[in-house]
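A short write-up of the structure that comes next.
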Amino acid sequence: MAATKRKRRGDLEVQAKKPKKNRKDAGQPAKQADVAKEAEEEKDRIPGPVCKGKWKNKERILIFSSRGINFRTRHLMQDLRMLMPHSKADTKMDRKDKLFVINEVCEMKNCNKCIYFEAKKKQDLYMWLSNSPHGPSAKFLVQNIHTLAELKMTGNCLKGSRPLLSFDPAFDDLPHYALLKEFLIQIFSTPRYHPKSQPFVDHVFTFTILDNRIWFRNFQIIEEDAALVEIGPRFVLNLIKIFQGSFGGPTLYENPHYQSPNMHRRVVRSITAAKYREKQQVKDVQKSRKKEPKTILPHDPTADVFVTPAEEKPIEVQWVKPEPKVDLKARKRRIYKRHRKLQQKMSRGGAK
């Protein structure tokens, strides 16, 4: 009975197309205005996305870090996970563990690529890009980090959408940059038909080479005029080494322009110390000059060329001794003493 009922009801698509009839309007023909209105709505209606194909590219990226990272690194990791729907997260790794353990973590998480952030001295951040478990891998020093929350740019993109990857033409000039280009393509490009991705392309990742560093930017593509508006985040990758294996092995390339953060801080300290020593030397020279006796220069006759001689006044010689000046205070004291003596005499005479 159930099968016969289903046959009578028909397919769900046919049922959806049939208009519902009310008891009140039973037997009345549909109005032409309503039919025209429905036709216009169907024209304006945006069709849904095309049926997804088969998900063939099974790239999965493990993004995690070591212990001791600061808040900016943590926010950068969250931004990358949000921009890369094919990524996976894991707990922080202990500093005591060796880097080869990450290959086992990738195998357990079913990931074939890894982005690992390694923090040192609570101020230096290193990024490892690795193809697990056979390699190759690259180590970078991360500089100039600016997260999404920090930048507050006007650009925006759909969460889970697929990005375009734009590379500097300089990536094709040198072999180690060509290797890094292929590496970045495999890591940052979202696989087609990924379950967590959206069938839209509305932003672009740009990788630019400047000052022997790789600069990362993320821009929104505006549909109206195809202009670019920056979204974020921003960071700069300074290449250190490229290894043949995953997190180790023979060195394929070493950057000759790389300067470690410790060396950079040492140079800055030496420059400030040199400035301080220079100031102290200037002060010592000034003190020594003050203590030296002044050298008396001989009279230069050419200095008196434009000097006009002053009128000579006659010198008067005083032959008579000048009268002594009257000291008024001493005179008052004498008068006071006389007056006091007279009073004493008078008081004695009256007593007799």
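Every residue gets a Cβ built from N, Cα and C, even glycine.
Taken from Swiss-Prot, the feature compositional bias 'Basic and acidic residues' covers 34-46.
Among the features that Swiss-Prot reports, SUMO2 cross-link is placed at LYS159 (among others). LYS159 (SUMO2 cross-link) falls outside any helix or strand according to DSSP and counts as coil. Of all the Cβ atoms in the protein chains shown, 11 others lie within 10 Å of the Cβ of LYS159 (SUMO2 cross-link).
The annotation SUMO2 cross-link is assigned in Swiss-Prot to LYS313 (among others) on the grounds of similarity to another entry. Secondary structure at LYS313 (SUMO2 cross-link), taken from DSSP and collapsed to helix, strand or coil, is coil. Its Cβ placed at the centre, LYS313 (SUMO2 cross-link) has 6 other Cβ atoms within 10 Å.
DSSP assigns LYS321 (SUMO2 cross-link) to coil, not to a helix or a strand. Neighbour list (LYS321 (SUMO2 cross-link), Cβ cut-off 8 Å, at least 6 residues apart, same chain): empty. Annotated SUMO2 cross-link per Swiss-Prot: LYS321 (among others), in sequence order.
Residues annotated as domain 'Brix' in Swiss-Prot, with sequence analysis given as evidence: 59-248.
Per Swiss-Prot, the feature phosphoserine maps to SER260. Taking the Cβ of SER260 (phosphoserine) as reference, no residue of its chain lies under 8 Å away while being at least six apart in sequence.
The region 'Disordered' annotation in Swiss-Prot covers 1-47 (among others).
When DSSP labels each residue, the region 'Disordered' (281-301) comes out as 12 helix, 0 strand, 9 coil, counted as helix, strand and coil in that order. Here Swiss-Prot flags 281-301 (among others) as region 'Disordered'.
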Cα-Cα distance linking LYS313 (SUMO2 cross-link) and LYS159 (SUMO2 cross-link), given in Å to the nearest integer: 103
